[in-house]
Amino acid sequence: MFFSLLLVLGLTEAEKIKICLQKQVNSSFSLHNGFGGNLYATEEKRMFELVKPKAGASVLNQSTWIGFGDSRTDKSNSAFPRSADVSAKTADKFRFLSGGSLMLSMFGPPGKVDYLYQGCGKHKVFYEGVNWSPHAAINCYRKNWTDIKLNFQKNIYELASQSHCMSLVNALDKTIPLQVTAGTAGNCNNSFLKNPALYTQEVKPSENKCGKENLAFFTLPTQFGTYECKLHLVASCYFIYDSKEVYNKRGCDNYFQVIYDSFGKVVGGLDNRVSPYTGNSGDTPTMQCDMLQLKPGRYSVRSSPRFLLMPERSYCFDMKEKGPVTAVQSIWGKGRESDYAVDQACLSTPGCMLIQKQKPYIGEADDHHGDQEMRELLSGLDYEARCISQSGWVNETSPFTEKYLLPPKFGRCPLAAKEESIPKIPDGLLIPTSGTDTTVTKPKSRIFGIDDLIIGVLFVAIVETGIGGYLLGSRKESGGGVTKESAEKGFEKIGNDIQILKSSINIAIEKLNDRISHDEQAIRDLTLEIENARSEALLGELGIIRALLVGNISIGLQESLWELASEITNRAGDLAVEVSPGCWIIDNNICDQSCQNFIFKFNETAPVPTIPPLDTKIDLQSDPFYWGSSLGLAITATISLAALVISGIAICRTK
């Protein structure tokens, strides 16, 4: 900050000179108006810059996430790191086995990898699924498993988003009173799935050729090892016959396979005694598996004679903590057929963020392992972000982004705003102007007047309901003042502004409330409306904060000048007489150039360091995990002022 000392003519005695502090402002300065004080500045900058989200996945906290993967996250692979799509650091966070997938472990088809997936984390990242795809050619009474896979993955993502821990339960307790044996199927590699298990009755020729109704029991545990189970994902499987004649080759009754809870309520299965057959002309039944979310307890299975499909496994969830879920597209490279069940499942599950490739999978180690695009999309897992969303992740602190971030999103996510709408604050060389509050006269020697804001640290908290409160602290009693009337006027203005902003938000919500239950698009529209309203409210409140900042900085600079004037008066003693605020008369014959340098230029030394760059911090805080609209909004603005902001003094003399 540069000021000059200017000699003013008009004194009767030539040996006496008048020296005054005088601010220097020219056309290169811009004027910034504030509450109670204004500033001239050589530069200006926006309170925040727009941030651009980075594509791909990231996490909010490195210590609270877990991944579930396969060979593409396998650090033990001999071809690692060329075979992986993640770094070594990220691979350590995954539970995996090459060739595995959650669905393979759920059903256990013969000849496939069977891995005990389990782990805990607030945020769960799933990069698996490709090992059960059309390329795997899994039959077992069903050639196309894509729709079952979609339903399975959707339920996994839904339950994972509500749980801290999850685990495969690979051996359910069961009771089968009838004499049955584990069955096999020729179209299932002369074996069968591990879940459900196929049991068949041995019917002797002399007995009823249809056999007896099957009745069996299985128990879903409340705990599996160290993992608590509040809810289980169970596959309820049954055969679908095209007609009664196809099943009734022995003249038996209709087909049924039904699961009951401990109260006798039907929870899953198929009963052709009350439900029609498909009516198609096929001769071979098809197996269908529905996904059930069941509480721990004892369940019974009843089926028509001859065949029994028995649940043997489940996935267990503790349902203790809600958190983000990220699903990564899992597809093969060239030459292998993939499905897009993971993509569809995630997109249809609230709270699930999908990471998708834009190009075909091209591996480095082979055609199917080590894709560069996927590595880039997953590189963010090495870092912590402030915000994660369907649009990408952000680690900058700015509360604004150019485009609306698509939900789901978690953390402290920026709001969409136009760059020109973000308020600007003064920067560079700052010079205060006179204040407006003339009712406060202490200290009397004030050079530039008194402002409506006091000196020191200004703390502004803005919460969901608007301005939450102010903490205004003065550096010292002589550091300026604020009248009760001016303070009340400032608070009244801010309060009115906030009420207007709140009213706009409420109107937007009311317009869409009556449509939400009938229109999914209305939900998305409401989310966008609320985001836009929050952005407008925040921009409006930042404008208020900007005005407070300008006024506070202005009064701080004015106090610095007053302190400088006081210091000059003290150093001068009897050699200079203060005739008006910031002006002195000195006898040139008594106090020569070296004397004046001591008084006014402090022997060419800087008595106080130059003011540092404006220290402003505005922290946008919202509910750590929200989908759609935020549950809260807070802004903290803290301003630190230097005690003195004079970097040099020039003395101009005229006789």
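Any Cβ shown, glycine's included, is placed from N, Cα and C.
Swiss-Prot names the disulfide partner of C140 among C188, C210, C229 as C188. For C237, the disulfide partner named by Swiss-Prot from the candidate list C210, C229, C252, C289 is C289. Here the candidates are N131, N189, and Swiss-Prot annotates N189 as N-linked glycosylation site. Each of C120, C210 is a candidate, yet Swiss-Prot gives the disulfide link of C165 to C120.
Ranking the glycosylation sites N144, N189, N395, N552 by the distance of their Cα atoms from the Cα of N61 (N-linked glycosylation site) places N395 first. Residue counts for the region 'Esterase domain-2' (311-365) under DSSP, helix first, then strand, then coil, are 7 helix, 14 strand, 34 coil. With a 10 A radius on its CB, N144 (N-linked glycosylation site) counts 12 other CB atoms from all the protein chains. The two recorded residues N552 (N-linked glycosylation site) and N395 (N-linked glycosylation site) have their Cα atoms spaced 30 Å from each other. Long-range Cβ contacts of N189 (N-linked glycosylation site) within its own chain (separation 6+, distance under 8 Å): P110, G111. For the glycosylation sites listed here (N61, N395, N552), the lowest count of other CB atoms within 10 A around the CB belongs to N61. The secondary structure of N552 (N-linked glycosylation site), as reduced to three states from DSSP, is helical.
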